[in-house]
Amino acid sequence: MVTIQADEISNIIRERIEQYNREVKIVNTGTVLQVGDGIARIHGLDEVMAGELVEFEEGTIGIALNLESTNVGVVLMGDGLLIQEGSSVKATGRIAQIPVSEAYLGRVINALAKPIDGRGEISSSEYRLIESPAPGIISRRSVYEPLQTGLIAIDSMIPIGRGQRELIIGDRQTGKTAVATDTILNQQGKNVICVYVAIGQKASSVAQVVTNFQERGAMEYTIVVAETADSPATLQYLAPYTGAALAEYFMYRERHTSIIYDDPSKQAQAYRQMSLLLRRPPGREAYPGDVFYLHSRLLERAAKLSSLLGEGSMTALPIVETQSGDVSAYIPTNVISITDGQIFLSADLFNAGIRPAINVGISVSRVGSAAQIKAMKQVAGKLKLELAQFAELEAFAQFASDLDKATQNQLARGQRLRELLKQSQSAPLGVEEQVLTIYTGTNGYLDSLEIGQVRKFLVELRTYLKTNKPQFQEIISSTKTFTEEAEAILKEAIKEQRERFILQEQAA
């Protein structure tokens, strides 16, 4: 048996006393009073911040949203089925933040920036607050570079600039998401990072969008943030802010980004659900009083940064669904007033076979031609006016039986112009192809063709120019101007192609 000397014991005790570190650890805790419907009421948590993350005993994380005199209202970021009355909660001292890095490109994540595509963890060393203040006036500069969507109707008449916020609005099943996804597909090779945020969508439609991106190589420069319809309201509410934080990370690193919110009205519904359960007073359409602020603080984060900050940009394209064309509902009017213009998609046009179903008459871009290259300004000037006059004449022509020759010609031209605006889904056009298409239509080169032949002729003309006269594309892309030389090349190509086309049609 080992005998321990008394002085050894005293040495050990002395050593331990010397090593003892008096560390006071203060933990801000509380107790669950009530839990259910994704909301927990907590007693305690005296020094909790608004929006602070709190952690429940069994691991669920929540956000403290309501700070009342007797309790704290917390929204849960999970189902919270294991939380019991009386269990303890501790404040983390952190506001909601997510990891950010280049490694997120090509991935599908949830509102907490956790991967949901089954391809393993995402490495990152930096963190960014989910909610951060928008750039101030001095930090911005006016929008001057175009963000090409690849859709003729938008790029020619409702141009979108880098750093702009343009609303895409229309009834369900009018092709809103298709316009947004085509815009992402068109950014290939243009050094633009895209973020697609799906809020409250069907999982099948999100999967379809992701597959479309993968097949066309767009996932290389795209991040998809998805919270589907079965996600807790808290996560649907957070998803757009997560997407904005990721886009901001790239924007402040002198990159151009584009973010699509599909759609903020679902976020507003999730926020309404949370607010009503937290017993906040309801306002118009039962939405809480700060639902405007919900969207304004999100969309104001889109900006074109000043040269001091590196001239990065974040272009926001929110998508809002209307009920039977009612643009005057609460959420649509809110978002219209926040954004710099809107693209209105009409169910009537969609059903009439005009796709993309953009109603050019009531769609606007408040940035306007500042976001167009010179070549596009040169050819697109007449297009909107001619289409507006055509729409007016068409309505008038329904009542008039005999029309003079000039009116008949104007109607024929208008029908062909409307035809050239039609495009297939996932087939965006480059700006050079758009310029030649619009020039061909507005200068009457399509007037002699049947309406059914217009699209076929234009497809063949674009192919003919690309293979036989590549210098046209070089002039437009290098000078960004529709020069006399480019016009001469184009006129010659149209003449040659028309002769070939007429011979083909006669042979058929």
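These residue numbers are counts, starting from 1, taken along the chain as shown.
Cβ atoms here come from the backbone N, Cα and C positions, even for glycine.
As written in Swiss-Prot, here are the features:
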BINDING   Gly170, Asp171, Arg172, Gln173, Thr174, Gly175, Lys176, Thr177  ATP binding site
SITE      Ser363  site 'Required for activity'
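Taking only the Cα positions, the spacing between Gly170 (ATP binding site) and Ser363 (site 'Required for activity') is 11 angstrom. Sequence-distant contacts of Gly175 (ATP binding site), defined as residues of its own chain at least six apart whose C-beta falls under 8 angstroms from its C-beta, comprise Leu345, Phe350, Arg355, Pro356, Ala357, Gln425. Listed binding-site residues: Arg172, Lys176; maximum Cβ neighbour count within 10 Å falls on Lys176. Excluding the listed site residues Gly170, Asp171, Arg172, Gln173, Thr174, Gly175, Lys176, Thr177, the same chain places Glu321, Leu345, Ala347, Phe350, Ala357 with Cβ atoms within 8 Å of the centre of the ATP site Cβ atoms. If you measure from the Cα atom of Thr177 (ATP binding site) to that of Ser363 (site 'Required for activity'), you get 17 Å. Taking only the Cα positions, the spacing between Thr174 (ATP binding site) and Ser363 (site 'Required for activity') is 15 angstrom. Of all the Cβ atoms in the protein chains shown, 26 others lie within 10 Å of the Cβ of Gly170 (ATP binding site).
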